2 protein chains.
Amino acid sequence: MRFVLFDVLGAEAQFQRMGFTDATRDVLDAVLDEAARFTETVLAPLNGVGDREGCKLDQATGKVTTPPGFKQAYTQFVEGGWSGLTSPAEFGGQGMPHAAGVPLKEMIDAANLAWGNFPLLSHGATEALLHHGEAWQQEAFLKPLVEGRWTGTMCLTEPHCGTDLGLLRTRAEPQADGSYAITGTKIFITAGEHDFTDNIVHLVLARLPDAPAGSKGISLFVVPKRRVDRDGKVGDANAVRCGSLEHKMGIHASATCVLNFDGAEGYLIGHPHKGLAAMFTMMNTARLAVGLQGLGLSDRALQNALRYSRERLQMRAPAGPMFPAKPADPIIVHPDVRRMLLTCKALVEGGRMMGYDAALQVDIAHHAPDHAERKLADDLVGFVTPIVKACLTEWGVECTYHALQCFGGHGYIAEHGMEQLARDARITTLYEGTTGIQALDLLGRKIMQMQGAGLKVFLGQVAAFCDAHGNDPALADFIAPLREKAAQWQQITMQVGKRAAANPDEIGAASYDYLMYSGYVVLAYWWARSVAAAEASAQPQAFKDDKRATARFYFARILPRTLAHAAAIESGSAGLPELDVAIA
Amino acid sequence: MRFVLFDVLGAEAQFQRMGFTDATRDVLDAVLDEAARFTETVLAPLNGVGDREGCKLDQATGKVTTPPGFKQAYTQFVEGGWSGLTSPAEFGGQGMPHAAGVPLKEMIDAANLAWGNFPLLSHGATEALLHHGEAWQQEAFLKPLVEGRWTGTMCLTEPHCGTDLGLLRTRAEPQADGSYAITGTKIFITAGEHDFTDNIVHLVLARLPDAPAGSKGISLFVVPKRRVDRDGKVGDANAVRCGSLEHKMGIHASATCVLNFDGAEGYLIGHPHKGLAAMFTMMNTARLAVGLQGLGLSDRALQNALRYSRERLQMRAPAGPMFPAKPADPIIVHPDVRRMLLTCKALVEGGRMMGYDAALQVDIAHHAPDHAERKLADDLVGFVTPIVKACLTEWGVECTYHALQCFGGHGYIAEHGMEQLARDARITTLYEGTTGIQALDLLGRKIMQMQGAGLKVFLGQVAAFCDAHGNDPALADFIAPLREKAAQWQQITMQVGKRAAANPDEIGAASYDYLMYSGYVVLAYWWARSVAAAEASAQPQAFKDDKRATARFYFARILPRTLAHAAAIESGSAGLPELDVAIA
């Protein structure tokens, strides 16, 4: 993490020039140490019990009890000041840059993904209120959220609509006092009810009586679990109740609620009928956050698999015993086990650069002194967000797969915790927009509609890097293939664009493979940068060798996946025959 | 299934020439209908309850209770005569060919994988006794196994050894009466204890007192749960007890037992110290059976996803509403959803040809009139077994992934059953030898040690097919790429062989990618054959079009994965840097 932040991204200098004067290397080092201590000693030990016990709903009262130890851990989290680490100081936060919060986030996700979902959603609520809330709303809701005294939710999905929010039916009736009565059923509400805090701030999408049909008639409301008046005074229970908890494949300790709003008191946030746009301003960071979940789980899985592969004795190395005094060699001597571990290592360490840089670009987009630079960073964030979200989560599924596989049958039983990581990882390619939705966002919106503004920025960075290191012997194996892939990426983009102009089906036909293709090229760039950064750093030689070896592995064994994706893209929509779509 | 059996494989004629006079099309059609009825109405409805309730162990008695309905379903299975469908008539079976039992197996796995594991292991015990048992052992054990009155197990794994059976420690002490006292702990014993039958026939690997160290000192014993004397009389309880049940990611209803043998009475099967070889004779069919598990789950997942994708309304088709009277279009109109469904369809229907043909080759290897033909089929079975096992299970994981993804967040909750399929599928790439072990079996043993005998047979079939259809306009799109891939496959095989001769690490470095490469080329052959078989059949035009369209999809979108695998193979062991292997 330190290598990525400081050696690869030069985060300290970046933070300083953006005016985050407190975000010095010393402070950040201390934050990392403390975050590691908290997540290792408090959160990680609760991961198994959370999975076994899950959250429990008392149907009579609608109250949800979290697994043993979860609430106490949250209290420690709040007392440690973690809740508002990257929130504005004026609302009780510590005003650190977004990118400084990302390692904490990764550690939480690695230690206990389900627990991490409770504070996670507060960030979305905080952002929505910061950007769209009236002054009194900010006063009343922001401080308790930032301080962690309350948590937040995002209430979008309904039983008949998830991706297609234009179909939503929840109603908001204006009341005489300027508030609204919210009525409807929301599903899949993460942290929708729990015992961590006294109050929960629900951000709810609903329709006003005069709303146009479809997605242009959706407004955003703040609906607290306990009523809050305009002076911030907390009153009695609002008319919102948890109707049931979903039984899920994983993240059992994350309370996934059906919430029934029955004339609940709420307040409009932002403009009428503009709720979807307000919600979408939170989407980028929420999606980057889910990407980090995939990364955290991958890293945990890799650490476990590495340890097991060094301990488990089975068979001899192909060329003969490496540990003749032992009854067998550790399985890490087998090339195929190394292949699995190295695949995880390349995706985890590469993914970390990708994910952390996206966070840094969020900071630059908001805080860089120069407007033009902010604009470029904003384009870049929009462009890399679907890549980071989709690839880090798809790789999370892949890495938890490989790591479990290293355990053989022992990976399939609960004892080693590997199967939980695999089950937990499986949600990440679904929520906050499936991989398919990220792919459409990338190709349909960021490339086609926005004419590839972000891609141009990114390719500019790649070209600049390749030019700077074109004669660098340390980079000799990487610059030429990177240039080649970048050129092919441009070419593919143009081809798809041309085809899509003639036939809108071509976007969806190419989108997934285009997304994954992009992810692998982006990762090639980061691996090349990693080698360059290691060389330029004060890291020990073994560290530099390790980075170069992993980069070589990445270029030789993973980057060629682009060949398959390119072929699939090229085949176009003609290769996707209609299946019978008749419906009753 | 009928298309594969009769149109593609010409199974009826094959069965007839091998002397299975009862295995006529009429009889087989009736078997398929009845198997469908039984699995759909009896087994499938129990899949969910099996997952929720699991098996329960009474620690006081060591008895295991299966989920509600499971035992009754087994009684119906036995009463229906399914247990001995493909077993020899002389032991109470119906003497049908192995390939005629495969559709039943696929249906059982699709309907209720965990339930299917109880009768599954009887087949291994039956085979071991048929090939290696003394006459009295066959008399005493075979008939109850074939009739389903008893079930069987295979007791190989111990806590410290799974893949590396040479390390096993279970002891067998010769007794005065010619029996053996078996002592040791076996783990991961599928169907090791249950309430389906009065007796269970454990086949146990153990060491005799004078056994050489390693894998050449392992003998095979039959150890019944209740003692059985040489006259077949059943006596009192043997000294074997279920110590615990594993908590697993999936197949909750499959009893995965720790079995403690404490001087249990057993009998030697076959020769002393030759137990591993005896066990390996069962391995091919057991591995093919696990491959079918991957296939069955994939097919179930695809069927569910197809139905959901036709029903779920969300967004509009890219080119505009296809069902304007509905609030939204069914998601199957979206090209990316079609991509996921078609990927499953291509892998399932292609995998079915691959899996069923392997079973047919098992029959040919045993029953073809001509010795030379039997030898070729035997080579082919040995060669395709690791491909079928590994690829059908890896594709099972992939297909359950895509199918779940089609459901979005709804796939992650228990309600639709999709997440259970994904969890259940995850065991299949682990047990009966992980994918990595299959890969070593293919490249290390079947290619290197056996000098690619099976590959030559297979490539001969491919060449003959390509020659026969070289001018067939219906096959115009498929023959050239198939020839090209077959040639590349040979080339890659020779390259790897050359490198491996110099450095044994090269086998393990290439094995996984070589295996998957092989699987995709094999599937290309089957898809080409599928098109040819459909054209030559009396199937309706829509059926022929569907096969051709799916074949096109396979060649355009899935076969290019070989490019990535070929590149990885080519990179060799040099691209797999040593990770620190120091152990304490």
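Note: Cβ is positioned from N, Cα and C throughout, glycine not excepted.
In TrEMBL, annotation is done automatically, which means it is predicted and not curated.
Summarising the annotation, TrEMBL assigns domain 'Acyl-CoA dehydrogenase/oxidase N-terminal' to A:30-148.
Positions annotated as domain 'Acyl-CoA oxidase/dehydrogenase middle' by TrEMBL: A:154-262. For the domain 'Acyl-CoA oxidase/dehydrogenase middle' (A:154-262), the DSSP-based tally of helix, strand and coil residues reads 7 helix, 56 strand, 46 coil.
What TrEMBL records for A:274-441 is domain 'Acyl-CoA dehydrogenase/oxidase C-terminal'.
For A:458-578, the entry in TrEMBL reads domain 'Acetyl-CoA dehydrogenase-like C-terminal'. Over the domain 'Acetyl-CoA dehydrogenase-like C-terminal' (A:458-578) the predicted model carries a mean pLDDT of 97.
In terms of DSSP secondary structure, the domain 'Acetyl-CoA dehydrogenase-like C-terminal' (A:458-578) contains 106 helix, 0 strand, 15 coil.
For the domain 'Acyl-CoA dehydrogenase/oxidase N-terminal' (A:30-148), the DSSP counts in helix, strand and coil order read 84 helix, 6 strand, 29 coil.
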